[in-house]
Amino acid sequence: MQRDSGAGDGTPGTPSPTHGGRLRHRKRSSEVLSDVNKTNGANLLLNDQNKYKSMLVRTYSSLWMIAGFVFLIYMGHLYIWAMVVVIQIFMAKELFNLLRKANEDRQLPGFRMLNWHFFFTAMLFTYGRFLSRQLVNTMTSDKLLYKLVSGLIKYQMFICYFLYIAGFVWFIVTLKKKAYKYQFSQYAWTHMILLMVFAQSSFTVANIFDGIFWFLLPASLIAINDVAAYFFGFFFGKTPLIKLSPKKTWEGFIGASVTTMLSAFVLANFMGHFQWLTCPRKDLSTGWLHCDPGPMFTPESYNLPGWMPQWFPWREIAIMPVQWHALALGLFASIIAPFGGFFASGFKRAFKFKDFGDSIPGHGGFTDRMDCQMVMAVFAYIYYQSFVMVQDLSVETILEQILRNLTVEEQHDLYGQLGRLLARAN
């Protein structure tokens, strides 16, 4: 009879414990789960450590930025404008470098300078339009400078157009065979940067000289919204908000929206008490400002409803009209402005890079911080011009038109006629 093959007696078909060596046993399921749990636990611990380390670095750099920002606000309009120009230059540098190819650039000496030629031409045109009134008011005390500035203002558009055409001709002349596609893509990319980045951020400067309030409040609301979204998402975030930005959550978005709206109402009241923030700057000086705050920053009393409890200490509250406008800014900052960040996230995903730069530890580049600010700056400018600014003529507006449209001889003639009219009136 055949022996049973499972007897383990050393037959060829059966591994023997004495001849086949030690038997291999599969790990039990509990052992496998234990190893997996250990591995996952180590990874989760490492991820948590990295997460908190990243938050710490981001917090430190944010505090330094806030301190520098507060200092520039104290220094005044001209210094804030200088800060905006520096940020624009850093943003342009980051964006110009994104799509560069070192091999192609080596074959095109001087091609990088063309980007900066268009950039500074746009800067001259934009700031010349926004700040012509302040420039005139600054230079009226000096006769020679007055003539020079009035001439520059009158022909500013022609000068900028000539500079642009010079750049256009420069681009055509430097076209090289086998580099056409790269050169035209860089030309288009440069104009997109000027349109989407520089043009939008330049509205910030107009807001500054209309009153630091109209620059500081929108910028603060974006920062508050960003910080609140980060912390609400960090501690409570579970539900993804949008695929373009996987770290954004509905909890962070809603929490940040509520925080931003409340902050807008409170901050508008606080800032509205400082003439340094509310007064417009009509020249390029750095002296202290005094002005009539006007009805926009004059508190109005509102009686509280009768159902308020008796222990409540106030029966009426004072609210500035600008606080209602601040709610509109807060709503835009919390609902619409974040889409500037989503646009930037989609762009980074399209070209497969994490950040636009590494200038700010924990935040990436300047462009990563300014994406929502640019959208907000345009809205704040348009909102102020449409709903807040009093549409009336001023001495500065008339003087600007005189300088733009009259020759020096015509200005002297106007001056004589005004003198004679005033003499008759007296």
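Just so it is clear, glycine is given a Cβ too, placed from its N, Cα and C backbone atoms.
A quick note: this is a predicted structure, and the numbers were derived from the prediction, not measured.
Some features that TrEMBL has for this protein:
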- 1-29: region 'Disordered' (REGION)
- 63-92: transmembrane segment (TRANSMEM)
- 113-132: transmembrane segment (TRANSMEM)
- 152-175: transmembrane segment (TRANSMEM)
- 187-206: transmembrane segment (TRANSMEM)
- 212-237: transmembrane segment (TRANSMEM)
- 249-271: transmembrane segment (TRANSMEM)
- 322-344: transmembrane segment (TRANSMEM)
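Within the chain, the transmembrane segment (249-271) has long-range Cβ neighbours (under 8 A, six or more residues past its boundaries) at 213, 216-217, 220-221, 224-226, 228-234, 236-241, 277-278, 319-320, 322-323, 325-327, 329-331, 333-335, 338. Counting residues 6+ beyond its ends, the transmembrane segment (187-206) has Cβ neighbours under 8 Å at 81, 84, 87-88, 91-92, 95-96, 99, 114-115, 118-119, 122-123, 126-127, 130-131, 171, 215, 219, 367, 370, 373-375, 377-378, 380-381 in the same chain. Between the transmembrane segment (113-132) and the listed ranges 63-92, 152-175, 212-237, 322-344, the one holding the most Cβ pairs under 8 Å is 152-175. Listed by sequence, the residues of this chain that lie at least six past the ends of the transmembrane segment (322-344) yet keep a Cβ under 8 A from its Cβ atoms are 213, 217-218, 221-222, 224-225, 229, 242, 244-245, 248, 253, 256-257, 260-261, 263-265, 267-269, 272, 296-297, 356, 367-368, 371-376, 379-380, 383, 387-388.
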